[in-house]
């Protein structure tokens with residue numbers, strides 16, 4: 001699978017299977033990449049616009065995670081035209097070695113930064129709802145800035161192996177230039193699989209399994225707290241309760257649906273070097289992997305639309321800003337943006353992971369009714 005432009009940690013499991021007929025769609029996949037590029041640049045650009053148009057006094061701690069997530073997605077989607085071209089040319093890379101290294105590196109920086117930001121937002125929402133008073137200091141704006149900086153540094157460091165090992169070389173028949181992971185500088189041909197499996201499995205653990213476990217834990221306690229609140233308070237019955245809890249479920253499930261197929265198929269294929277899958281199963285994994293990758297990439301353009309769909313306040317803020325610009329008004333709809341910041345964070349957990357961020361410095365956020373305002377009309 002060395003000529004596969006999707007598995008950025010390599011995937012040559014040295015199997016004896018015949019992959020001669022393997023060929024992902026040269027039309028569908030590039031089209032999806034370009035669609036994600038167009039929607040992702042527009043949507044994430046709008047997210048950044050709405051966040052930074054809000055006055056500094058009105059911003060909440062979650063806003064820095066939201067903006068950071070949009071930056072990560074935006075940084076990634078701008079590389080998609082390169083990968084669309086690579087796929088359309090049947091894995092012939094015309095852009096040189098440096099662009100191969102850099103674009104691959106940005107993909108992994110995005111993956112790590114996105115899931116770390118989503119985890120940070122989930123933890124921020126946990127603090128806002130479950131432990132609002134005792135942990136109020138952790139949700140100050142400055143703490144969010146420091147945490148975000150640390151997350152970006154960690155993401156950049158974790159992606160370094162891609163920058164180091166990614167390279168270009170002629171294919172076996174010499175007709176194409178491939179952009180692939182080359183471990184020859186540190187391993188023999190017989191031990192390269194160990195590097196591939198080690199880096200691939202570790203990226204799945206750090207970039208999916210551990211963050212997803214943390215997010216599930218946060219949402220479990222959030223759901224418990226909300227359910228307990230509804231038992232104690234007289235609220236409008238089960239309809240609002242159902243809606244509030246269903247939004248939380250959507251945040252976690254969407255993250256899993258976008259990224260689990262990619263990580264699962266990648267890990268299974270790489271483990272084929274150790275477990276020796278039957279050829280039919282091995283070829284099946286290779287065939288579905290490009291499409292699993294497409295699903296995970298869609299996450300980078302999906303988050304803004306999920307905000308708009310699930311959060312009327314964010315939708316209203318965007319509409320107000322657009323209308324305001326068209327009419328030439330000078331004011332910034334602070335109230336809409338501020339409301340967006342709170343509810344927005346809940347919707348963002350779609351992507352590479354659920355990001356729930358509420359954040360905010362106000363001590364009165366301790367009450368669950370605040371969360372209800374945030375997530376429910």
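From the backbone N, Cα and C atoms, a Cβ is placed for every residue, glycine too.
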Residue pair residue 17, residue 90: same membrane side in Swiss-Prot: yes
Same-chain residues at least 6 beyond the ends of the transmembrane segment (29-52) whose Cβ lies under 8 Å from its Cβ atoms: 59, 63, 66-67, 70-71, 73-74, 76-78, 80-81, 83-85, 87-88, 290-291, 294, 297-298, 300-301, 303-305, 307, 314, 317-318, 321, 337, 340-341
Of 100, 179 (the disulfide-bonded residues), the residue whose Cβ has the fewest other Cβ atoms within 10 Å: 100
Euclidean distance between Cα atoms of residue 166 (site 'Required for APELA and APLN/apelin-13 interaction and signaling') and residue 179 (disulfide bond), Å: 7
Rounded distance in angstrom between the Cα atoms of residue 279 (disulfide bond) and residue 100 (disulfide bond): 30
C-beta crowding around residue 279 (disulfide bond), within 10 angstroms: 14
Shortest C-alpha distance to residue 166 (site 'Required for APELA and APLN/apelin-13 interaction and signaling') - which of the recorded positions 17, 83, 173: 83
